[in-house]
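Undergrad: One structure, as structure tokens, below. Some questions next.
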Amino acid sequence: MNLFIKNVNMLENGELAPTNIRIANGQIEEIGIGLSPQGEQEIDGNGRMIAPGFVDVHVHLREPGGEQKETIESGTQSAARGGFTTICAMPNTRPVPDTIDNLERVNALIEKNALIRVLPYASISIREAGKERTNLTELKEHGAFAFTDDGVGIQQAGMMYETMQDAATLDMTVVAHCEDNSLIYDGVMHEGKRSAELGLKGIPSIAESVHIARDILLAEAAGAHYHVCHISTKESVRVVRDAKRAGVRVTTEVCPHHLLLNEDDIPGDDANWKMNPPLRSKEDVEALHEGLLDGTIDFIVTDHAPHTLEEKSNGMDKAPFGIVGLETAFPLLYTHYVETGKWTLQQLIDWMTVKPSETFNLPYGKIEKGQTADLVLLDLEKEQEIKVEDFLSKGKNTPFGGWNCKGWPAMTIFGGQIVWQEETN
Ligand SMILES: NC(=O)N[C@@H](CC(=O)O)C(=O)O
Ligand SMILES: [Zn+2]
Ligand SMILES: [Zn+2]
């Protein structure tokens, strides 16, 4: 069924302007104020905003192997509810997509169960164990989006360097979770004032920044595109900024929670506040904001990391790292930064659509004639509390439960099909 989306507002040069969109055969066929329906199914936007479907290159879907936490089906439902139409699945699953067979298994599961586009990462090392490198050429041929061992850092500089050399030849990106294991000291939160107050072990900032500095020099030598995951410290921002100035092909991403929260917000020994990297200091958060605004940080990702209620009820010391994020990212950022005038709506939309797409050469994140019709209708006026029981994700692990936000997705369209819409009564 073709769609005619009428009475919507679209960003044009930073301003919202009324328009209509005709969708045929899954693609955007026409955009314009003067259009009228030609027998398509009509959707009345009622003046709400239409944006490109969001793109998130950092999502943990847990399948195969972690289906009690999330599945490709529940994770993509959650993504659709959050307004996302393209997500990239991290490879810290069981098995890890580290061989052709294991990657093809993921491809088959995506084909069968995904509601939106899922692009799978393949790993850098076998089982993400950091011992033996995977065959990047084969994994690229079988559809790997990029290469990463997210969840752990690559400890050996030599392994990272060889990976980057291969990736440069293959024109692929190396995506890095930066964490030097010799600098973690069994920490469960940021090492600072708050960890001392709570009597919990801290992860120092250098565990991240030292790895980024090392990798930037390796990327320069190898001539590879190197992308830093979930940047969180002020030193990391400085190092990436300097590297960009020096002409190194480095890009990076930041998560909503690292922009919105700092260590002082952690109320106590509650694992809904435990994630990797941890919530850092106020100064770190300020540096992340500066980095985003000056282009050092390229875009926003959720690092959606679902875990079970049981695992997360074990306190900071024992619970796994990670929080969910797909269903709260846009409302949280819209409410706290666009509504308050700190960012423009265009900036936020770009950081969630066209910027990640451009960084990874993906043909998504824009509303243009001939583009695949991946769209989200946003109700910027709708105000509602974040209720974990409403999440379509199996993961309910978030520190944002009970927060009141504006700017909720009302409908998500993927490839010209409605894949999610808010319940109206
Ligand atoms: N971010 C997290 O705290 N956890 C992630 C792993 C990761 O992104 O490093 C997970 O897989 O649970
Ligand atoms: Zn990570
Ligand atoms: Zn991650």
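Note: Cβ is positioned from N, Cα and C throughout, glycine not excepted.
Pulled these from TrEMBL:
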DOMAIN    47-236  domain 'Dihydroorotase catalytic'
BINDING   HIS58, HIS60, ASP150, ASP303  Zn(2+) 1 binding site
BINDING   HIS60, LEU61, ARG62, ASN92, ASN276, HIS307, PHE321, GLY322  substrate binding site
BINDING   ASP150, HIS177, HIS230  Zn(2+) 2 binding site
ACT_SITE  ASP303  active site
Undergrad: Going by a 10 angstroms cut-off between Cβ atoms, which of the binding-site residues ASP150, ASP303 has the sparsest surroundings?
TA: ASP150
Undergrad: Within 10 Å of the Cβ of ASN92 (substrate binding site), how many other Cβ atoms can you find? Include all protein chains, please.
TA: 22
Undergrad: Determine the binding-site residues, out of ASP150, ASP303, HIS307, lying near ligand 3 in the sense that the CB is under 6 Å from one of its atoms, and give them in sequence order.
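TA: Checking each Cβ against ligand 3, the ones under 6 Å are ASP150, ASP303.
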Undergrad: To the nearest whole angstrom, state the Cα distance for the pair HIS60 (Zn(2+) 1 binding site) and HIS307 (substrate binding site).
TA: 10
Undergrad: Identify all same-chain residues not among HIS58, HIS60, ASP150, ASP303 whose C-beta atom falls within 8 angstroms of the centroid of the Zn(2+) 1 site's C-beta atoms; report them in sequence order.
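TA: Leaving out the recorded residues gives VAL59, MET90, GLY151, HIS177, CYS229, HIS230, VAL301, THR302, HIS304, ALA305.
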Undergrad: In terms of Cα spacing, which of the binding-site residues HIS58, LEU61, ARG62, ASP303, HIS307 are within 10 angstroms of HIS230 (Zn(2+) 2 binding site)?
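TA: Passing the 10 Å Cα cut: HIS58, ASP303.
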Undergrad: Cβ distance under 8 Å to ARG62 (substrate binding site), same chain, sequence separation 6 or more: which residues?
TA: LYS69, GLU70, THR71, GLY75, THR93, PRO306
